[in-house]
Amino acid sequence: MQRRIMGIETEFGVTCTFHGHRRLSPDEVARYLFRRVVSWGRSSNVFLRNGARLYLDVGSHPEYATAECDNLIQLVTHDRAGERVLEDLLIDAEQRLADEGIGGDIYLFKNNTDSAGNSYGCHENYLIVRAGEFSRISDVLLPFLVTRQLICGAGKVLQTPKAATFCLSQRAEHIWEGVSSATTRSRPIINTRDEPHADAEKYRRLHVIVGDSNMCEATTMLKVGTASLVLEMIEAGVPFRDFSLDNPIRAIREVSHDLTGRRPVRLAGGRQASALDIQREYYSRAVEYLQSREPNTQIEQVVDLWGRQLDAVESQDFAKVDTEIDWVIKRKLFQRYQDRYNMELSDPKISQLDLAYHDIKRGRGVFDLLQRKGLAARITTDEEIDAAVTTPPQTTRAKLRGEFISAAQEAGRDFTVDWVHLKLNDQAQRTVLCKDPFRSVDERVKRLIASM
């Protein structure tokens with residue numbers, strides 16, 4: 001499948017402080033954040049004009065699910081648009097607090113762990129054909145996903161009883177199963193719950209919940225681009241060496257703690273391989289595969305960065321990727337800070353900096369400041385992101401959903417939508433079922449809109 005439907009769901013950490021002290025509980029902050037949403041959507045679970053879904057998830061975490069996208073830059077743009085949507089809610093909520101005489105600063109973090117050790121996720125969705133053998137896909141994909149943090153981890157300072165250590169991934173410590181149908185209780189790497197949000201006879205949705213939330217656009221593109229390409233190669237029957245892991249859960253933690261990528265992890269049958277070995281195998285297959293594949297500039301960019309990052313890890317010289325990979329950008333920032341102020345990695349100020357890197361408020365968040373200085377690479381533009389806040393992807397089913405929502409809101413009509421249904425809540429209860437996520441034009445939807 002060379003054209004694939006993809007989406008990213010991001011849960012955001014939330015807190016409210018007043019002069020540095022916590023002011024409101026996460027529940028209370030979430031209520032202020034979503035008050036404007038509830039006022040027009042009558043719910044804290046809504047679909048937006050850009051085709052995305054915005055809702056309050058378990059544990060008072062605002063969650064943004066992008067609309068269906070069918071190319072990488074489109075997906076990165078709509079992922080960033082989610083930050084803008086949440087930032088707007090944050091600014092509105094702070095104003096409400098001020099108006100009510102409460103005061104306080106609200107923070108939304110695009111990260112995966114809080115100070116209490118709780119974890120929240122960044123889930124990737126990839127449409128795959130139903131006819132494929134799912135067990136083979138998960139078998140080949142699992143070693144790739146366990147070691148992928150080497151190229152696209154967000155980085156984290158982990159405080160251990162002995163000392164603080166810098167890790168590749170925020171999510172690795174919180175994953176407890178390889179493949180499972182649960183998402184919260186056991187936190188698997190691949191979630192098998194079969195909800196295709198499409199024609200179930202043709203498709204299923206691969207739900208990957210092991211990835212970190214990325215701030216850097218180039219890293220997000222690398223994360224989803226490599227996974228999508230590996231899926232495409234599996235579907236095309238490309239053979240891969242067997243890297244079945246003896247214990248994926250132990251392996252994912254071992255990989256996260258090894259910035260050299262060289263520490264051997266145990267494979268099934270007693271063999272060993274390093275994260276670098278495993279990633280090199282997938283990368284070399286990708287380079288080979290691209291020689292016979294239809295040319296695609298975005299995929300070529302992904303494979304180029306993949307190779308440069310693996311070279312950087314191998315040589316431990318990150319100069320050629322230090323604006324493109326989140327964990328590399330963050331580690332360089334910490335090292336400069338430590339050198340300048342002569343402090344240990346365990347210093348609380350480094351932990352504060354770690355958190356501030358993920359603050360989505362422009363002008364305040366550390367990553368935003370780095371990006372403005374040209375220290376973090378861009379894939380999109382501010383204008384494209386602003387457009388994606390209100391405009392759905394024009395090449396997928398999201399266009400139909402977005403146009404329907406816009407028309408219904410402008411006509412003052414009551415409506416209900418989900419990923420596949422568009423419904424006018426009138427006497428006739430007219431509903432259109434959109435089972436094909438690739439389809440951006442539908443006469444039935446046009447007629448439904450015209451009837452308003």
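Every residue gets a Cβ built from N, Cα and C, even glycine.
Remember, predicted model here, so these are calculated numbers, not experimental data.
Some features that Swiss-Prot has for this protein:
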ACT_SITE  ASP57  active site, proton acceptor
BINDING   GLU9, TYR55, GLU63  Mg(2+) binding site
BINDING   ARG53, THR66, TRP419  ATP binding site
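Same-chain neighbours of the ATP site beyond ARG53, THR66, TRP419, judged by a C-beta within 8 angstroms of the site's C-beta center, are, in sequence order, GLY7, GLU9, PHE47, GLY51, ALA52, ALA65, ALA67, GLU68, ALA398. Taken residue by residue with DSSP, GLU9 (Mg(2+) binding site) is part of a strand. Summary of the Mg(2+) site environment: with the site residues GLU9, TYR55, GLU63 set aside, the chain residues having Cβ atoms within 8 Å of the Cβ mean position are THR10, GLU11, ARG53, LEU54, ASP57, PRO62, TYR64, ALA65. Using a 10 angstroms CA-CA radius around the residue listed as 'active site, proton acceptor', the binding-site residues that qualify from GLU9, GLU63, THR66, TRP419 are GLU63. In the three-state DSSP assignment, the secondary structure recorded for THR66 (ATP binding site) is coil. Between the CA atoms of TYR55 (Mg(2+) binding site) and THR66 (ATP binding site) there is a gap of 12 Å, rounded to the nearest whole number. Of all the binding-site residues given, namely ARG53, THR66, TRP419, those whose Cα is no farther than the 10 Å limit from the Cα of GLU9 (Mg(2+) binding site) are ARG53, THR66. Least packed by the Cβ count within 10 Å, out of the binding-site residues TYR55, TRP419, is TYR55.
A sphere of 10 angstroms centred on the C-beta of GLU9 (Mg(2+) binding site) encloses 21 other C-beta atoms. In the three-state DSSP classification, TRP419 (ATP binding site) falls within coil. Under the three-state DSSP scheme, ARG53 (ATP binding site) falls in the strand class. Looking at ARG53 (ATP binding site) and GLU63 (Mg(2+) binding site), their Cα atoms lie 8 Å from each other. Cβ contacts within 10 Å of ARG53 (ATP binding site), excluding its own Cβ and spanning all protein chains shown: 20.
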